[in-house]
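Okay, so here's the structure we're looking at.
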Amino acid sequence: MLTSRLKAKPERKLAKQICKVVLDHFEKQYSKELGDAWNTVRDILTSPSCWQYAVLLNRFNYPFELEKNLHLKGYHSLFQGSLPYYPQSMKCYLSRTPHRMPSERHQIGNLKQYYLLNAASLLPVLALELRDGEKVLDLCAAPGGKSLALLQCAYPGYLHCNEYDSLRLRWLRQTLESFIPQPLVNVIKVSELDGREMGDAQPETFDKVLVDAPCSNDRSWLFSSDSQKAACRISQRRNLPLLQIELLRSAIKALRPGGLLVYSTCTLSKAENQDVISEVLNSYSNIMPVDIKEMARACSHDFTFAPTGQECGLLVIPDKGKAWGPMYFAKLKKSWTT
């Protein structure tokens, strides 16, 4: 009895503390933007015990035994043949209950067999419809989960992973080293450029571009340990859309005519999502929205979507038994005429 009490104590200490400054700020904004849906979203975002983790299997070191065990534990395959574009090589499993697999340790020379992630983060990757041999840019690539997912979909002719933040860049390099075999590493370039300069550095180079932009990371912000820093973040939050638009402008420059671009964030904020995309669409005559409503219909079994008022943009919101997101993504195409 005593030992169980002793064991229970550290667990209580490790429990995440909600930052009231951030929650109050979100309450004001998101109750307006999401309406009644905010109540459920808030309950899930503030209850880490409800959070779910998907298991993305690594095709370069395929875990057949693990796959069998996941089936036995009641996990099911994500997007079971429901999406128009869903490569057979991508295998991701999820459970209806908030079970978390242990993470694998990084070992030099040994490829990891699986990657834990928020299942919604695969949607922007799938929206890119990557094909073998294409030139791809992941403009804000750390920590590397989406780059890794791209490589589960197809063998690009060239994959450029860029990350401006030096600490996050180290994380990105380690992710790639942990999951990707050496021969494939040769078609991957990792750079540390300010993403706003990429368009000038590599104009009209890429067939597909992913802009997983720096944003108000709603899940992590809610658990900021320093309330002063949190207040500072909130005051600087209004500057994020400008940065996001500048990154998109650079990405558009780097995209070849006829190419596809996907923009994504992990925030619910309309200012960083729909408003950013509207600004870009209004500024360019050669950038066209791509209708992705069909994706929402095909994925409604596993995800809950909030209305965005855009045919080209979807917003995944956390829901009971589908605790994925927040994840906003929008799909654009660069036409041949300017």
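A Cβ is built for glycine as well, from the same backbone N, Cα and C atoms used for every other residue.
Note that the structure is predicted; figures quoted are calculated from it, not measured.
So that you can see what the record holds, here are the features copied from TrEMBL:
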type: DOMAIN; residues: 45-335; note: domain 'SAM-dependent MTase RsmB/NOP-type'
type: BINDING; residues: CYS140, ALA141, ALA142, PRO143, GLY144, GLY145, LYS146, GLU163, ASP194, ASP212; note: S-adenosyl-L-methionine binding site
type: ACT_SITE; residues: CYS266; note: active site, nucleophile
Problem - Binding residues CYS140, ALA141, ALA142, PRO143, GLY144, GLY145, LYS146, GLU163, ASP194, ASP212 (S-adenosyl-L-methionine) - maximum C-alpha distance in whole Å - result: 20
Exercise for the section: Identify, in sequence order, the residues in the chain of ASP194 (S-adenosyl-L-methionine binding site) that are 6 or more apart from it along the sequence and have a CB within less than 8 Å of its CB; answer 'none' if there are none. Expected result: TYR164
Exercise for the section: Average the pLDDT scores across the domain 'SAM-dependent MTase RsmB/NOP-type' (45-335) and report the rounded value. Expected result: 94
Handout entry: Intrachain C-beta neighbours of GLY144 (S-adenosyl-L-methionine binding site), sequence separation six or more, cut-off 8 angstroms
Key = CYS161, TRP171, LEU172, GLN174, THR175, LEU176
Practice task
May I ask for the distance between the residue listed as 'active site, nucleophile' and LYS146 (S-adenosyl-L-methionine binding site), taken between their Cα atoms and rounded to an integer number of Å?
Solution key: 13
Handout entry: Nonlocal neighbours by CB distance (under 8 Å) for CYS140 (S-adenosyl-L-methionine binding site), same chain, sequence gap 6 or more
Key = ASN162, GLU163, TYR164, GLY195, VAL211, ASP212, ALA213, PRO214, LEU247
Practice task
Please work out which residue of ALA142, CYS266 has the most C-beta neighbours within 10 angstroms of its C-beta, and give that one of the recorded positions.
Solution key: ALA142
Problem - Proximal but sequence-remote residues of the same chain as LYS146 (S-adenosyl-L-methionine binding site) (Cβ under 8 Å, at least 6 apart) - result: SER121, PRO124, VAL125, ASP138, LEU210, ASP212
